[in-house]
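Written below as structure tokens is the structure these notes are about.
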Amino acid sequence: MTNIRKNHPLLKIVNQSFIDLPTPTSISAWWNFGSLLGICLAMQILTGLFLAMHYTSDTMTAFSSVTHICRDVNYGWLIRYLHANGASLFFMCLYLHIGRGLYYGSYTFLETWNIGIILLFTVMATAFMGYVLPWGQMSFWGATVITNLLSAIPYIGTDLVEWIWGGFSVDKATLTRFFAFHFILPFIITALVVVHLLFLHETGSNNPTGISSNMDTIPFHPYYTIKDILGLILMILLLMTLVLFYPDLLGDPDNYTPANPLNTPPHIKPEWYFLFAYAILRSIPNKLGGVLALVCSILVLAIIPLLHTAKQRSLMFRPISQCLFWLLAANLMILTWIGGQPVEHPFIIIGQVASISYFTIILVLMPIAGLIENKLMKW
């Protein structure tokens, strides 16, 4: 059996990636989120496939087909809520995974980090298009507002928006193409995940100290497969609690009203995992400026490796940078809260202050803290 595992052309790749992979001995539970994300992706593809068997991407029947799935299909309600809440868990794991990368300096693996940023954009696009499919009020108006942002692009903006819509408003053509893209993108994400892992295994995993651990590694299986199963059990526990007890906790009640182009909801807002970016978008009174800030709020991750001024890789032994990191985490929570609030005083000013501090911490304070810590260490 060992020989087949190590010599078979296909099994050899699996073996080198998941079984005999040399893994640092010191990695903590924060390294669990990669495997959890893989499981989330597999679950989303599987539940999505079963939903697609019963869903119809037509403006007249989309809302009814989702109702039909919940009422008439065997365990359709379970599949639907697993898919909807699975997306929330996916983003929880994703943000914690990125946070881990920032904290422990994993962004110095440039290829892995950049593929990760592309993955983040792709997952966000997929989630946004998935939110449009039930064709409720928030689906319709969310699609209208977010796609309309592209009209801020000079010269080609309006043409681009109408091209994406497939007409002069969000309608049947938009829903059909969003369904097509929502179906195909997870498979593109899977391909990108393989590339992400390929680049990661070129360098090997980082560890909490940020120091090379080539001389101190153990096989991934059985040590980390067992360790990852604990994280998996906790994630399933959280997911099933959400699905079976509070299935609509993270959703929007407006989405239980069929889409009506003649009636605008009082507060148009995306799902909770986009609220931080939505708050940054809304904090700038100019349309183009807001769109640029929205894109930069994610794209800023790409220049973080260039802003790494410290001689140490990880934040483990850097107290000033640690304080800034947790300040950034708190700031993101404030932005998430503001994104769900109406555009009125005092929320406007809180959002603007939080947006400015978000970029200031990343672009200015973190690099300065790195230089100060170098001085303190007399490096």
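Just so you know, glycine gets a Cβ as well, placed from its N, Cα and C.
Given the structure is predicted, the values throughout are model-derived calculations rather than measurements.
Outside the transmembrane segment (33-53) by six or more residues, the chain places 69, 79-80, 82-83, 86-87, 89-90, 93-94, 96-97, 100, 182-183, 186-187, 189-190, 193, 228, 231-232, 235 with a CB less than 8 A from a CB of the stretch. Per Swiss-Prot, transmembrane segment is recorded for 33-53 (among others).
Tertiary neighbourhood of the transmembrane segment (77-98): same-chain residues 30, 33-34, 36-37, 40-41, 43-44, 47-48, 50-51, 66, 69-71, 116, 120, 123, 127, 130, 235, 238-239, 242-243, 247, 250-251, 271-273, 301, selected by CB-CB distance under 8 Å and a gap of 6+ residues from either end. Residues annotated as transmembrane segment in Swiss-Prot: 77-98 (among others).
A 10 Å cutoff on Cβ-Cβ distances gives H83 (heme b b562 binding site) a total of 21 other Cβ atoms nearby, all chains included. As annotated by Swiss-Prot, heme b b562 binding site applies to H83, H182, with the evidence given as similarity to another entry.
According to its DSSP assignment, H97 (heme b b566 binding site) is helical. Using a 10 Å Cβ-Cβ cutoff, H97 (heme b b566 binding site) registers 19 neighbours. Summarising the annotation, Swiss-Prot assigns heme b b566 binding site to H97, H196 and lists similarity to another entry as the type of evidence.
According to Swiss-Prot, the transmembrane segment annotation covers 113-133 (among others), on the basis of similarity to another entry.
Taken from Swiss-Prot, the feature transmembrane segment applies to 178-198 (among others), supported by similarity to another entry. Within the chain carrying the transmembrane segment (178-198), a Cβ under 8 angstroms from the stretch's Cβ atoms is held by residues 17, 38, 41, 44-45, 48, 52, 55, 57, 112, 115-116, 118-119, 122-123, 125-126, 129-130, 132-133, 143, all 6 or more beyond its ends.
Using a 10 Å radius centred on the Cβ of H201 (ubiquinone binding site) and all shown protein chains, the other Cβ atoms total 14. Here Swiss-Prot flags H201 as ubiquinone binding site, drawing on similarity to another entry.
Away from its own ends, the transmembrane segment (226-246) comes close to residues 29, 32-33, 35-36, 39-40, 78, 81-82, 85-86, 88-89, 93 of its chain (Cβ-Cβ under 8 Å, at least six residues beyond either end). Marked as transmembrane segment by Swiss-Prot on the basis of similarity to another entry: 226-246 (among others).
For 288-308 (among others), the entry in Swiss-Prot reads transmembrane segment, with the evidence type similarity to another entry. Counting same-chain residues at least six beyond the ends of the transmembrane segment (288-308), those with a Cβ under 8 angstroms from any Cβ of the stretch are 98, 102, 105, 107-108, 110, 113-114, 117, 120-121, 124, 149-150, 152-154, 276-278, 280-282, 355, 358-359, 362-363, 366-367, 370.
According to Swiss-Prot, the transmembrane segment annotation covers 320-340 (among others), on the basis of similarity to another entry.
Counting residues 6+ beyond its ends, the transmembrane segment (347-367) has Cβ neighbours under 8 Å at 279-280, 282-284, 293, 296-297, 300, 303-304, 307-309, 321, 324-325, 327-328, 331-332, 334-335, 338-339, 341 in the same chain. Per Swiss-Prot, transmembrane segment is recorded for 347-367 (among others), and the stated evidence type is similarity to another entry.
Note: the CA-CA distance between H196 (heme b b566 binding site) and H182 (heme b b562 binding site) rounds to 21 Å. When the binding-site residues H83, H182, H201 are ranked by how far their Cα is from the Cα of H97 (heme b b566 binding site), H201 comes first.
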